[in-house]
């Protein structure tokens, strides 16, 4: 069958035409990290189109450095009265690292606080006609198809009603490796096409091999279809976006010829467990303060968070091709946390990267439990620590390097905090058990007294707590000032109760997460790869025995730290109790925060409520309704046996199989592919062949038309020759 004949067949088989449009190949070469590519950075189209204001940098970064210098000086003064010991020098160094980390967030929070006090500017581009084309990409990996396809359905329908639907195409880019989910995706795609083909162009592709994970998935699309589009709007499997946000991003990109990437700040929604609702509330009340402040001072050197952002295709394909790092994982191989790196490379090429902190209507979901958060953070931790290999990249803007460093510190801060706690504990135990050395080896008429300035230490403690909790305080002040905002979360009293509850529960969870991150860092330094596991999205509950196993070291660490503290005094134990209680109760805290029932209880009494929960956007309501409908549509999933048995079903399936050419003759064959070939060749019937396949092999067969045709030619069941002769 010729290519043209194949296209006609697909058009007849699938409602709305072929599963994917015709390819328009384009180059997306891996970028050099050791030298600046020729022609970079590009000359901006608009004068000062990619230039940022130095004054904003001076206020935030300079303010953070000045605040850190003051705190470090004060800490040194606390120790310096009687001379600084080696252990005190260590504590001073650890304090400096940790304080610099929180000082930057605090100063960003100040900027965000004052920006949010202003009235938002009207959208001057709202009526702008779109003459550019945007591909909206929804990558998915072993996710629930009802969630993914229903979200695309409602977003596509809403966008079609704006009058701008002609400027957008929708793509579900699957990297699914589970054969059952892959067949469910095909069923869901047929339903989606049936619903949307009259008003939207929606496509589906499942890769045979998920090389380089999500980054490789998007790069594969770019190399084969990217040249058809001016922009790429990248979503995640749990993303939702209002139509005004989608068109707003495209209008901003169209209006700014120097914009390479525009990132929204997503709001968290659909949390059902206590842990998810805790994250939702914190992100909604405190998140805008940090996000707005960050967007204000980074300006044209913003960041990319992997989804809910629009990217100029020319900038992405021309500047953000990711190289493989030398060596093996976890520090070598494919770049895992690709988003920060892609933003840095786009900015290096002379395009601006902007955080659209003033654009609402962007949504995502969050992990439902501490364990699920730990699984996700293990992967992110490896990707962020891998950025230590990216930091020396030639030509990166210093703000881009700071973004990379911030990502690294998001996980290294936990070991540094733990070391700070242990050092302080050692100083207390040293003072309690070890006789001071009043006269050192150097001759002196006066003794060296191991004393500290307790008043200054207490004052510094209050300053540190103020810096640490500053962004939370700013968020609460904004909430209390805005009556509409306060009413949207249940009123000021409920809001204050929610804040108090969030602070207490977060304080209990923080030491658990500290040890989880410490364990992740240690396992990465020991050379262990994270793998790629699909995320749980809804229920976070687990058996208690599983939780005991997961948190056994956290509880043991809490007992050991408590024992060490009580060796000194009950006062020290009391000071450490906020951290220790969380560790001692790690298992019940993990169980309760991952419970949907407990989450629903707090929802009923109005604690940790958000505006999006109490008054959800129409797109969120429709997505929930559509998801239930999709669940009903695909409640009876196809099987490979049914596909082989039913010729019409086979044609439908083949119409949705990726048309990328199979392995060329003479090229190396992968072991799993060779095994499948042998099993298909030796099988006497379809039933025996299917019984031999494992899940990986079955997924490979589903993506290989030649193997499917070979299996289809086999009899459904084996009939012995003597029985045939007898009949």
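Numbers here mean position along the shown chain, with the first residue as 1.
For all residues, glycine too, the Cβ spot is worked out from N, Cα and C.
Listed ranges 94-114, 115-135, 136-156; the one Swiss-Prot annotates as transmembrane segment is 94-114.
Within its own chain, the transmembrane segment (58-78) has Cβ neighbours under 8 Å at 84, 92, 95-96, 99-100, 103-104, 106-108, 110-111, 293, 297, 402, 452-453, 456-457, 459-460, 463-464, 467, counting only residues six or more beyond its boundaries. Touching of the transmembrane segment (460-480) and the transmembrane segment (572-592) is ruled out by the presence of fewer than three CB pairs under 8 A, sequence neighbours closer than 6 excluded.
Contact check: the transmembrane segment (278-298) against the transmembrane segment (94-114) gives at least three Cβ pairs closer than 8 Å, residues 6 or more apart, which meets the contact criterion.
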